[in-house]
Amino acid sequence: MNQTLLSEFGSPLERVERALEALRAGKGVMVLDDENRENEGDMVFVAETMTTEQMAMSIRHGSGIVCVCITEERRQQLDLPMMVENNTSHFHTAFTVTIEAAQGVTTGVSAADRLTTVRAAAADNAKPSDLNRPGHVFPLRAQPGGVLTRGGHTEASIDLATLAGFKPVAVLCELTNDDGTMARAPEVVTFAKQHDMPVLTIEDLVAYRLREEKKAG
């Protein structure tokens, strides 16, 4: 059903291209996963271009759980322990301990403060002491290999940032409806049109990456 709903956004490969163009222009994109998986739409932004307004929109229209997606290398660089040793969550979502910027924030909750935290975590020369633990931003560690290894929003966000030419750090937040329920594909499409955001699926991104690797090979 998702593919039919999304046909107005172009073919699967066109949807990825449009998403990459939007990210390069400093906009956000909506990423849907499989209807048989979480069946959720996440707002995704590149960490290094995200604005306070975009963070505020994520908090206002999202679940409130703002996540910064990072690689294993960056997790080690920041010395962030995983939230639990034995991950029993359904999709093995790889949360680390939560973080707060050590400088430049007040309570850490506002959109500006959360963006400051994201920027501190994304800085090239970021070090463990730049972040306090716990905090109000939730790092997620992506699997090496991206969506070709794990078809999750975390990996999709890192892949999109990288393919768009940015460092592999991205911000995501699940879109929710006004009544607090999770937004599914029809609501995601409506929201995306209202906010001029492209929509793509993780399936689209897998197809795009496989095509790119085939061309490279």
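Numbering starts at 1 and runs along the chain as it is shown here.
In case you wondered, yes, glycine gets a Cβ from its N, Cα and C as well.
Per Swiss-Prot, these features apply:
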BINDING   Arg37, Glu38, Asp42, Arg150, Gly151, Gly152, His153, Thr154, Glu174  D-ribulose 5-phosphate binding site
BINDING   Glu38, His153  Mg(2+) 2 binding site
BINDING   Glu38  Mg(2+) 1 binding site
SITE      His136  site 'Essential for catalytic activity'
SITE      Glu174  site 'Essential for catalytic activity'
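Positions of the features from Swiss-Prot, shown on the structure.
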residue : record                                  : Cβ within 10 Å
Asp42   : D-ribulose 5-phosphate binding site     : 28
His136  : site 'Essential for catalytic activity' : 19
Gly151  : D-ribulose 5-phosphate binding site     : 20
His153  : D-ribulose 5-phosphate binding site     : 30
Glu174  : D-ribulose 5-phosphate binding site     : 20
His136 (site 'Essential for catalytic activity') and Asp42 (D-ribulose 5-phosphate binding site), distance between Cα atoms, whole Å: 18
Rounded Cα separation (Å) that holds between His153 (D-ribulose 5-phosphate binding site) and His136 (site 'Essential for catalytic activity'): 20
Coarse DSSP state, helix versus strand versus coil, of His153 (D-ribulose 5-phosphate binding site): helix
Euclidean distance between Cα atoms of His136 (site 'Essential for catalytic activity') and Gly151 (D-ribulose 5-phosphate binding site), Å: 26
